[in-house]
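These come from TrEMBL:
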type	residues	note
REGION	70-104	region 'Disordered'
DOMAIN	109-333	domain 'Anoctamin dimerisation'
DOMAIN	336-801	domain 'Anoctamin transmembrane'
TRANSMEM	347-377	transmembrane segment
TRANSMEM	425-442	transmembrane segment
TRANSMEM	499-525	transmembrane segment
TRANSMEM	545-566	transmembrane segment
TRANSMEM	587-609	transmembrane segment
TRANSMEM	716-739	transmembrane segment
TRANSMEM	763-787	transmembrane segment
Amino acid sequence: MRVAATAWAGLQGLPLPTLCPVVVPGLYCQDQAHVERWAMTSEASSGSHCARSRMLRRRAQEEDNTVLINVSPPEAENRGPYGSTAHTSEPGGQQAAACRAGAGSPAKPRIDFVLVWEEDLKLDWQQNSASRDRTDTHRTWRETFLDNLRAAGLHVDRHDVQDGNTTVHYTLLSASWAVLCYYAEDLRLKLPLQELPNQASNWSAELLAWLGIPNVLLEVVPDVPPEYYSCQFRVNKLPRFLGSDNQDTFFTSTKRHQILFEILAKTPYGHEKKNLLGIHQLLAEGVLSAAFPLHDGPFKTPPEGPQAPHLNQRQVLYQHWARWGKWYKYQPLHHVRRYFGEKVALYFAWLGFYTGWLLPAAVVGTLVFLVGCFLVFSDIPTQELCGSKDSFEMCPLCLDCPFWLLSSACALAQAGRLFDHGGTVFFSLFMALWAVLLLEYWKRKSATLAYRWDCSDYEDIEERPRPQFAASAPTTAPNPITGEDEPYFPERSRARRMLAGSVVIVVMVAVVVMCLVSIILYRAIMAIVVSRSGNTLLAAWASRIASLTGSVVNLIFILILSKIYVSLAHVLTRWEMHRTQTKFEDAFTLKVFIFQFVNFYSSPIYIAFFKGRFVGYPGNYHTLFGVRNEECAAGGCLIELAQELLVIMVGKQVINNMQEVLIPKLKGWWQKFRLCSKKRKAGASPGASQEPWEADYELVPCEGLFDEYLEMVLQFGFVTIFVAACPLAPLFALLNNWVEIRLDARKFVCEYRRPVAERAQDIGIWFHILAGITHLAVTSNAFLLAFSSDFLPRAYYQWTRAHDLRGFVNFTLARRPRSPRRTTARAGIGLSGMMMGIIPRPTGIFLPSAWPSSLCLSMWFSPSAGSWTSWCLTSQSLWGSK
């Protein structure tokens, strides 16, 4: 055990206790020869696993035989005023000939991590026995945790700040060179071997330069991070790694934070069988108030100006990325990756890539909308409807409602024409191709970034089991890739738990459907109430008023149910015992998205494909819980669908952006006000200097990337699934995303505590969700144009009746004959010597057998049905194959 590590410690003259941490679940100190075997036992290996093990073993042998030449000398470090692990230069230097004892040891320990907890002194004598016992238990857990951290080789420094009756305890953690090397090998961290020449290329920038056109989008960012050949760190090959002779710069700040966080996540503070382990549990139990790495100094530029040398990484990101004035500039993704890690950098890469691709979609969509604005005043059927005056008297909208004139719906028909015309068909085909190409080119972009950032095989080789999984797993089993024994949870048990979780998901989806039914009933009742108001104007707009208010109520339901279900999904995913953080996040993401898909898209799907389909006819209207089913207004359901999309999509974006702006600022203000008020009570002067860990504690905890991804993916669904109904959706998405990029950048740089850098090789299951949405969008838009649009009925009328569409309005109305007496109101038909018509929705026209044979009905439905089916199948075969 620990053969190579112990030998290396002897070379360095280091005491053995600093290299032999306390044994905790999930940490396995094994012989170096066992780690280098890269093969599993014959009982556990088979098929592709065996082939992959041979490939990895061959790769490891090639790395062992690597010979490095022409390595550049080390660069001087630029340490910020925080004294933190952050520095502006990456590791560099000549390869060390041998490990010299004490060579290049740092002058003082760096602050790698900060633990904070608050203690209210006046509550000690006010608490009852139960609360006092809980306080004593928390104190015992903290002391045990800190003792175990010291046993693991960490340097623990305590700074207590007493503010009145409250004491804020800051525990500063730093890791020695020996501990960093030991855990870097245990975690299989990849460290640089040799610097690469700059691989960056931008064809658009090169084209503009060749044409002599200045590229206004290009931002020259100083201190560009170099790229390296790298491999997994091994102590016995330390001299081969670039910059190994400089202990200050060999491990970057992000690597040090990853190592410290791994130690914190796996250090116990009580009985391990009771799952009393790790920093996550301490934060959840309230034993600690916060745990975070330090930022690399303040983000504000020095007084001498932004061009001054020695800007720290945080200031560089703020000056060239997070400022609102840089909204049109390229993002410095390599700087983001160096400071925040690959996971955050991949999110901003996807967000920027998606936003750039929205630009052509927004331009085409706006042009299509402008075409609709022109057609409003030149469309013959719309002119006929508006000029019909009292020629068409329509059936009542409810049992006791009066008859109404079709000409009163002129404004609605004109609004519907904005979105329902021939250009919409072209735009639907364009967006189907756009979505497919977007994902194909993103795969190329993602693979390029993963290769350049050396994380292509992260999930297969580097990723470790989750600490919570390691603590709760009932047994161990060999890893099929590395051959190491790791915590194991039976797949059959996990499948049973996932099945039980699926039942909960179905129940929550049923709750969403119940809310949708309630919204449908609300719309129907509201339309009846407004129609009976006696106001002619309100009665004419009854359906639109009911629809608009129903959309607002639906948005409120959506936001409330989302908060409830996300918490429930997190509990279910933890219970399912997923091995790695990537698998845990993928399972959690899929649960939440299924719910959010039903939550956000159920109402638009109802309007697009079900509303107005089951109305019935005069004398035999269909009802839901005694209320007559909704009908589409005179402008059609497409304009109502566009209204629903704009309310939900734009309303959600506005609310989210307001939350992202206000909530972090309010939380930060409250945290700062709370701490400053305690200092004033303690007699501290307002202008007193503030330690860096105190300044970072006043910031807001980072909440992760899940909500950011979910917002963008739901937006992608609105832009693609229902784009035939709202060509302006890409434009609103583009405007939102331009703001979103800078909002998120400012949050990470200015308002959040620095998150622990995490590695990732792609955006995870989000890509597969986007691919599923793309396939669904092709089918959805095809059916939308076939069954909710006037495009095919108009085309049929042009081909068979009149090319200029004259008489189309009269063609779509069903007539009732003159009646010598007024029938009952329940039948829904009144006395009239004029023409009667059902609301002119082509998809609602059919010939029921219950109607008298003397009634006349336009008969275009039958030949058009085949056209609808052919249209849907053709669209799916053209674009759905991708």
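A Cβ is built for glycine as well, from the same backbone N, Cα and C atoms used for every other residue.
Put simply, of 347-377, 425-442, 499-525, 587-609, the stretch with the most CB pairs closer than 8 A to the transmembrane segment (716-739) is 347-377. Counting Cβ pairs closer than 8 Å to the transmembrane segment (545-566), the top stretch among 347-377, 425-442, 499-525, 587-609, 763-787 is 499-525. For the transmembrane segment (347-377), the most Cβ-contacting stretch among 425-442, 499-525, 587-609, 763-787 is 425-442 (pairs under 8 Å).
Non-local neighbours of the transmembrane segment (587-609) in the same chain are 498, 501, 505, 508-509, 512-513, 516, 519-520, 551, 554, 558, 561-562, 565-566, 569-570, 572-573, 576, 578, 637, 640-641, 644-645, 648, 652, 706, 709-710, 713-714, 717, 721-722, 725, 764-766, 769, 780, 783-784, 787-788; each lies 6+ residues outside the stretch with a CB under 8 Å from one of its CB atoms. The predicted model assigns the domain 'Anoctamin dimerisation' (109-333) a mean pLDDT of 85.
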